[in-house]
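Inspection log for the structure reproduced underneath, given as structure tokens.
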Amino acid sequence: KMLRAVSSSFGTARAASTAVKRNTPNIVLVDAVRTPFVVSGTVFKDLMAVDLQKEAIKALVEKTKLPYEKLDHIICGTVIQECKTSNIAREAALLAGVPDNIPAHTVTLACISSNVAITTGMGMLATGNANAIIAGGVELLSDVPIRYNRKARKAMLGMNKAKDVPSKLKIGGEIVKNLLSPELPAVAEFSTGETMGHSGDRLAAAFNVSRREQDEFAIRSHTLASEAAKNGKFTDVVPVFLDGKKPKTIKEDNGIRVSTIEKLSTLKPAFVKPHGTVTAANASYLTDGASAALIMTEEYALANGFKPKAYLRDYLYVAQDPKDQLLLSPAYVIPKLLDKAGLGLKDIDVFEIHEAFAGQVLANLNAMDSEYFCKEQMKRSGKFGRVPMDKLNLWGGSLSIGHPFGATGVRLAAHSAHRLKEEKGQYAVIAACAAGGHGVGMLIEAYGK
């Protein structure tokens, strides 16, 4: 009885102590870099994803002049994994020259994988388990793992167990029979069997986004990205040197193409044929690229001579129906995030919303401005309001700059921080959708405001 009483008392005291909310430190974005984002199958086609992530980590360390003894952990996001480098964060760190006593791990959550890298790092910083973290991400869609089909794999694994010639010939025949039926990486949702493009098409239709509106938004994205690049806004881009018979240095994104509404209107639907509205021009393209960000507690950054670019104030993840609402996460997460922070739509100076498809972005804007959607789906008292276009993606977005799945989150954070400084704003909101009906929202505050 005495032991039970002591145990019960200890348990109660322990529960009470952990229930007290800790005072968490300010977390800051010190700096961020990315390789050029390039169309898959072009200049980075002969590299591995680990090569690009290495370049981003190496460039970030050089740019920030980060002593390795000040670095506690590295986290990188990726989606289409190369099995040889399953923990790509660790392999890239070692290739970049990071000492082997600094741990590194890899995370994955579709298009928001590097957001997960950042927020995982924020959690480690907030709980005192680290002072300085590199968070990044990478995707190289020029080369993806292609497998033999299940029957061929099963036969190959069974070959060693075959004890006589007839058995081996039988298994060999099964292998040969299935050699020309490879399994490609899935381009569809496992739960629904539907591609994201089909979902984007249906979403645009559901929220009355016309083909012309989508094409005009795509032109806007490419035009703004082109202007930003020409005016030197993309200070996060670091060059990548390619060795070989014809050595060259890749210095800029190569997917930005300003076109006309006349040209875009001639393209055929890419997914829902013949009446769909999503085309190759108003959808993000397959992209190769990597990114990396240095995040710290503010106290540690200032004590060690680093000048932060922005505060990483808060974040929120959401998930909903992966079929009819696969790409609607920004509409769900932005109101929830701002409610959590005690802010309103008018308090936000900069919006960076991931552009999976032009129709997806516009549908989300319509959803937040819909009385019916906000009341019925989000259980709000009324519509949230419309994100103003003059605050949205003013340096272009994923439609134009490109979208390496695992790397985009850091790019969104870097552009948010840089835009806040240039536009003299205080708060920025990042929002992005991802496969599985997932989404993320992040709140960033200008440093020194």
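Every residue, even glycine, has its Cβ placed from backbone N, Cα and C.
Since we're looking at a predicted model, the values are computed, not measured.
Taken together, the residues in the domain 'Thiolase N-terminal' (27-299) have a mean pLDDT of 95 on the 0 to 100 scale. As annotated by TrEMBL, domain 'Thiolase N-terminal' applies to 27-299.
Every protein chain considered, the tally of other Cβ atoms within 10 Å of the Cβ of C111 (active site, acyl-thioester intermediate) stands at 30. The active site, acyl-thioester intermediate annotation in TrEMBL covers C111.
The feature domain 'Thiolase C-terminal' is assigned by TrEMBL to 307-445.
The feature active site, proton acceptor is assigned by TrEMBL to H403 (among others).
All protein chains included, C433 (active site, proton acceptor) registers 35 other Cβ atoms within 10 Å of its own Cβ. The active site, proton acceptor annotation in TrEMBL covers C433 (among others).
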If one looks at the chain holding H403 (active site, proton acceptor), which residues at least 6 apart in sequence have a CB under 8 angstroms from its CB?
F37, C111, S284, Y285, T287, H354, E355, A356
Could you count the residues of the domain 'Thiolase C-terminal' (307-445) that DSSP puts in helix, in strand and in coil?
59 helix, 35 strand, 45 coil
